[in-house]
Amino acid sequence: MSLDALEASGKRAYRVACRSGCRDNDCSFAIMAAPEWKVARIERCALMMSERANSRIADRMTRFLALIWVAAMLAFAPQSALAQEGLTQSDLVAPPPAIVPPAAMEQVPDDAAADATSGDPVIEDAGGYVPMGPEMIKGQPTNGSITFQDQYSPNGDYALWMHDAILLPMVFGISLLVLGLLLFVIAKFNRRANKVPSRTTHNTLVEVLWTIIPVIILLAIAVPSITLLAKQFKTPPADALTIKATGYQWYWGYTYPDNGGFEIISNMMPEEEARAKGFPGQLEVDNRLVLPVGEPIRIQTTAADVIHSFAVPSLWFKHDAVPGRINEKTMIIKEPGIYYGQCSELCGARHGYMPIAIEALPRPQFEAWVRAQGGTVGNEAADTDGVLGAELPGLQQPESAVPDAAGAGAPPTRTTAPGTPVTE
């Protein structure tokens with residue numbers, strides 16, 4: 001159809017005519033007939049003007065986004081800067097674990113000596129400590145769950161609130177909005193309803209909205225996210241209890257430097273034995289990490305061989321254990337109970353046999369447990385008279401994973417912990 005016929009039909013009210021050069025604001029509009037070459041020139045002129053307008057809009061939006069970014073960084077910089085204070089040399093050096101001297105072991109009766117080299121749990125009841133049973137399990141995976149585990153730490157509560165109150169509604173709302181826009185476009189902009197295609201090149205209001213709204217969404221996510229990061233990596237107070245968790249292939253060692261430096265070796269309990277006692281298989285251990293409730297705990301993680309990761313989902317805690325390096329993070333447990341976790345860094349053939357079991361106790365029971373292991377509380381004198389070995393029925397040498405345990409491999413052929421001999 002010719003342009004004259006198109007105008008005659010009333011479907012085109014005007015046509016652009018362009019002067020020579022096609023410079024900015026150099027086009028005039030006239031209702032006149034023109035040959036095809038001039039029509040093509042007119043269309044090129046209109047296209048150039050549209051591109052220049054879009055370029056100006058994009059430049060202004062880029063400047064606006066840059067200002068928003070700078071403002072956000074200035075607002076969040078103080079929180080991120082204070083999230084982690086520098087560690088001093090004393091924070092990085094923990095007292096060496098106490099090793100039972102051979103002379104002390106020789107003074108122990110045969111039955112006690114057998115217990116000292118076995119992987120049985122530390123179950124001695126002294127001064128009010130009683131090991132928790134399966135009825136006290138609180139942090140563990142549940143069948144059919146599609147959300148996070150129940151949280152028992154302040155950081156976990158905040159993270160769960162952020163997920164349920166901010167992220168989920170936002171994801172749901174955006175999904176509905178996009179679906180609604182798709183249906184609207186399908187219904188309105190189709191060939192049946194629009195026989196003549198629209199030549200709209202831009203819409204300032206729409207472009208501003210689809211830039212401003214994502215910025216607001218990102219800010220709504222960034223504020224609680226950075227707040228959670230600052231909470232997680234806040235430096236523990238100077239008087240916080242220090243626990244050093246060392247990853248070995250394939251078991252965990254827990255050292256209590258503030259309580260005499262003794263170390264507990266934790267292996268996965270055989271699945272049949274765990275289920276017979278009412279505990280979850282592949283999660284229960286022979287010796288749990290015992291911690292006090294309701295106070296900040298400084299967890300230092302390291303490894304003796306390869307990279308491991310100390311992770312307890314129900315406490316919102318995960319920290320890598322890297323050989324030759326000590327990482328530090330604060331843990332607070334709100335309620336007494338048993339909380340399970342696992343090594344969450346692929347560390348070898350038996351990576352799946354490195355469960356973590358934390359038993360959280362009130363402070364008096366925790367101190368009773370420490371004394372039962374031969375440790376000290378506060379300014380108490382350490383036990384160095386040879387009785388230590390007799391009071392540690394579950395203590396093992398740091399390198400000696402129980403041979404029959406699920407996570408135990410062949411006898412080590414090189415040093416796996418400080419102070420252990422090399423065997424060939």
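In case you wondered, yes, glycine gets a Cβ from its N, Cα and C as well.
TrEMBL lists 401-424 with the feature compositional bias 'Low complexity'. Here TrEMBL flags 140-236 as domain 'Cytochrome oxidase subunit II transmembrane region profile'. The domain 'Cytochrome oxidase subunit II copper A binding' annotation in TrEMBL covers 238-372. Annotation source TrEMBL lists region 'Disordered' at 380-424. For 64-82, 166-187, 208-230, the entry in TrEMBL reads transmembrane segment.
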Quick one: mean pLDDT on the domain 'Cytochrome oxidase subunit II copper A binding' (238-372)?
94
Please work out the helix, strand and coil residue numbers for the domain 'Cytochrome oxidase subunit II copper A binding' (238-372) from the DSSP assignment.
25 helix, 62 strand, 48 coil
Contact set, same chain, for the transmembrane segment (166-187): CB under 8 Å, 6 or more residues outside the stretch:
217, 220-221, 224
